[in-house]
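> Just lifted these from Swiss-Prot, have a look:
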type	residues	note
BINDING	HIS15, HIS26, HIS28	Zn(2+) binding site
Amino acid sequence: MKARIIYRASFDAAHAVKIEEWEELHGHTFSLEVVVEGEIKKGYVMDFLKLKKVVDGVVKELDHRNLNKIMDNPTTENIALWISERIRKNLPGDVKLKRLSLWEGNEFGVELEW
């Protein structure tokens, strides 16, 4: 039987994005929710603490940073894709990233699904 487990994290970072023109550099508290799926083996999908370590390791790269120095045009969508690529590389082979939600403050967010 498959199950999904969920981990939430947050980080503070600054960015400037280009929609039609470049915005001014500004900051947000980003909220992240990661959902992974796998078979229940020995009573669990993946040790919660291992999932926390994977996600927190990625979040640490972004926390209190200027995201424009890490990626081009750090829109919330691009930040979510960047995070997802790094999480996927560090999950056990039998556990898959199914959903990632990233909120920019309390009003706007993006959700990726696989």
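Backbone N, Cα and C atoms are what each Cβ position is placed from, and that goes for glycine too.
Since this is a predicted model, take the numbers as computed values, not measurements.
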> Work through the binding-site residues one by one (HIS15, HIS26, HIS28) and point out the residue whose CB has the fewest other CB atoms within 10 angstroms.
HIS26
> Starting from the Cβ centroid of HIS15, HIS26, HIS28, which together make up the recorded Zn(2+) site, report each further residue of the same chain whose Cβ lies within 8 Å of that point, ordered by sequence.
ALA13, ALA14, ALA16, VAL17, LEU25, GLY27, LEU67, GLU104
